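Enquirer: In case it helps, TrEMBL gives these features for our protein:
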TRANSMEM  B:17-34  transmembrane segment
TRANSMEM  B:46-64  transmembrane segment
TRANSMEM  B:71-90  transmembrane segment
TRANSMEM  B:110-127  transmembrane segment
TRANSMEM  B:136-156  transmembrane segment
TRANSMEM  B:237-253  transmembrane segment
TRANSMEM  B:260-279  transmembrane segment
TRANSMEM  B:345-365  transmembrane segment
TRANSMEM  B:377-399  transmembrane segment
TRANSMEM  B:411-430  transmembrane segment
Amino acid sequence: MNAPVRRLSLLVGALFAALLVSTTLIQYVFAADLNARGDNRRTLLATYARERGEILVGQDAVARSVPTDDEFRFQREYADGELYSHVTGFYSFYGASGGLEQAENALLSGASDKLFYRRVSDLFTGRSPQGATLETTLDPAVQQAASDGIGDNRGAAVALDPRTGAVLAMVSKPTYDPNSLAGHDLAALDETYQQLQGAENRPLVNRAIGGDLYPPGSVFKVVTAAAALSDGEYTADSVLPGGAELDLPLTDTPLPNFGNQPCSASGEVTLRQALITSCNPAFGDLGMKLGQDTLREQAAMFGFGDELSVPMRVTPSSIGADLNEPQLAQSAIGQFEDRVTPMQMAMVAAGVANDGIVMQPYLVESVIGSDLSVIESADPGELSEAVSPDVAETLTEMMVATVDEGTGRNAQIGGVQVAGKTGTAEHGEGRRAHAWFISFAPADDPQIAVAVVVEDGGESGEQTGGGAVAAPIARQMMEARLNR
Amino acid sequence: MSIVSSLSPRSGRSTELVLLLGAVGIVGVAYVNLGLATTGTVPPGLAALGAGYLGVTLAFHLVLRWRAKHADPLMLPIVTLLNGLGLVMIHRIDIARGRDLSDGVALRQLMWSALAVGIATAVLVVLRDHRLLRRYTYIAGVGGFALLLLPLLPVIGTEEFGSRIWIRLGPLSFQPGEVAKLALAVFFAGYLVQTRDALSVAGRKILGLTLPRARDLGPILLAWGASLGVLVFERDLGSSLLFFGLFVAMLYVATERVSWIAIGLGLFVAGAYVAYLVFGHVQTRVLLWLDTFSPEALETSDQLARGLMGMAAGGMVGTGLGQGRPDITYLAESDFIIPSFGEELGMIGLFAILTLYALLVERGLRTSLGTRDGFGKLLAAGLSFSLALQCFVVVGGVTRIIPLTGLTAPFLSSGGSSLLANWALLALLLRISDHARRPLPDPSEAEAVGAAHTQVVKLP
């Protein structure tokens, strides 16, 4: 009977080998994944017990951890919580959610591999480990101006430094108070969260980079104009149809101009004039002539369809697929299935401002260790060359004229040349259009590029156009940056 | 021609004594470590507890010197270490739950340990030769199956955590399955030694496998039926797998026929699959096993998920005793004591514990190889294999190799019945190993026979 006993011992060896393998898989190979799970209470308690890094705007901490006496040891506090809620997100008992708290959780909590050597030294010195501090690119004045401007309306605003891609402001309204979600009282936390989550106006959604996205309306005409000018067939003086409406193939419904007014008395306009007056028939015609591939390629060069993280994920913008001619005409004026984020439209403005180069947007200027040494600092990078410098210059000149003498007059700033474009995006029968404005300033030396959207045109009477509602907000943001 | 180099081989008792001191020392260090980590002080009662534990284990050592001089020297130290580490971990969970030594589970476990050592001692003293057990083959069989099915009886059988494997008599509760394991091993060994010739020779060859005759299939079908009964009615996959695996392994050792393994595996897989199709609780177990982190599974039970996250939190080197949160997992001191060790001692600590188990099983199998009588061989192999299989079912269950079951980790987990049964198992193995390692009786006699030049043919 010895031979089978020996074989049995081989089987026993195999059984134990399997246990060693499964243990290794759990405790080594997949340990990081398991520890990173949102419902992992151990990780949560461990990170709560560690002092989480701060989030800075300028020199001021908008999110920081203060010591408490309870089992969690620290309480997260948000200064100016409602102003920065969509930038910070919140850190609750259930983990980090939204904003930088979630996107840079590893750095803030101190679990990131970038902090490895610091952690090792903490291990030996017995110092309690700390998370890294994030210094944001935000300009508090611009952020405040954007928030005040949108006020109690729903909407969003993004400001970029066109030269670097640094995000100067990111506002989404309505907002919420992250302090109400950072407490240690579970029942209260749950109730607040359920209430915010279920609220009809969805305050937890960051409309600036996500949510359901917006139809861009006429601000998209900048992209169409860029495609036309880059195509080589068109110049700013090319003549386009400019009647009260444009006949479309395949359908009996024509493409009307805003208010059914002709763009010019002659029924024809130049490309420059078309942008200044936001002439729908001209751009509809342009879109059909250029074709959807050209239009889509131009949009892609501004960043449409790109997966961006700033470090929060930016929902990719798009102009729809498989368009027929009438749909293409609609798309060229920013309607039909065009869906964009305010971040994307700010990138369009910034690309034009920066000689045609779109910079990669980013929100974190530098990561600072607990010993105040800089662990990482932002390295601005090009995303793409959207248009040539010549085309950018022509577009700038046309957008300056739009603000000087066209639909964007409300964005004028004394002593500074502002380039801009209005938009009034329809989104369904019988509903008021979204008011849009994108701009940058100063036109000859751009320091800020802005995109503003106010849902349903805001509450200011029947004047729902982007020029009336959104342009003043953009102006205030630019003024805040230029100190005027 | 062979030369016997030593006529009185070393018994290994001195080795055992040194290892025992080391084992108790490690347990003591673990206890101090735990105290320092949780309260910052050396725990009170260290001297008394340490001396008590050392005393109990040394008493057992002395009994071995007296009654089983040649028994394997590694088994007792290994079990002493495992039992002691289990005590420390149970005490650690007590602390996390806000209980101290006087009202904790650890104290009860300590008393059970002492009682278990007492029973093991009694087994060694009373049972002078393991072959005596062969006389009680059928009593053991009837008793084993009765114990196995006892929890199904009304009134005394109780269901806990979804498995009906407990009996309750007044304040006492007992998991008879653990004792049934021993009785059935004895029964299988006795029965198979009698019938192995019929089971191993007769039959016809199909596809390279010698298949047994239909009438010889009776016992395996009976064992299969009983284990399926345990699976379905007691909802205890672990015991079911354990008993059937034990039987098939012993059948194979007795008959050396691979066909029995094929038949056994086939029967078990078929039975388990039918049970999966028919019974909701089996499906739940499978869901929890395959898709532990799915919302449906977490809604049913997040115990396994919590255990896994605990092990992951420990990582390679562990958090250190007293510095993790093993108490977040339910049953962290019994069914989930392995994840508790994984969390606080890390992968390295678990490897050490698994190695201890593997060593113990290996010593048992070696005992089986060295034993000269068929009954002892079968019994030692069966007991060792049951230990290995139980480890596999427990650790495999918490590490998702197989569906989670309600078995306890031998010697580690909190639970009186398990401790008693496993210490008794140890006593049996020690008894057999004493027999296996004992030098051949009276070598001078053999020499005299050889010297007479009459031995022409050496008989086996």
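Every residue, even glycine, has its Cβ placed from backbone N, Cα and C.
Remember, TrEMBL labels are computer predictions, not curated facts.
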Enquirer: For the transmembrane segment (B:345-365), could you work out the same-chain residues 6 or more beyond its ends whose Cβ comes under 8 Å from its Cβ atoms?
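Expert: Here the qualifying positions are 72, 74-75, 78-79, 81-82, 85, 311, 314-319, 321, 338, 380-381, 383-385, 387-388, 391, 395, 410, 412, 429, 433.
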Enquirer: Could you name the stretch, out of B:46-64, B:71-90, B:237-253, with the greatest number of CB pairs under 8 A to the transmembrane segment (B:17-34)?
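Expert: It is B:71-90 that shares the most Cβ pairs under 8 Å with the transmembrane segment (B:17-34).
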Enquirer: So, taking each listed stretch (B:110-127, B:237-253, B:260-279, B:377-399, B:411-430) in turn and counting its Cβ pairs to the transmembrane segment (B:71-90) that are under 8 angstroms, which one gives the highest count?
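Expert: Per the Cβ count, the answer is B:411-430.
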Enquirer: As a test: from B:46-64, B:237-253, B:377-399, B:411-430, pick the stretch that has the greatest number of Cβ pairs under 8 Å with the transmembrane segment (B:260-279).
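Expert: Ranked by Cβ pairs under 8 Å, first place goes to B:237-253.
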Enquirer: Using a Cβ distance cut-off of under 8 Å, indicate which of B:46-64, B:110-127, B:377-399 has the most pairs with the transmembrane segment (B:237-253).
Expert: B:377-399
Enquirer: Of the listed stretches B:46-64, B:110-127, B:377-399, which one has the most C-beta pairs under 8 A with the transmembrane segment (B:411-430)?
Expert: B:110-127
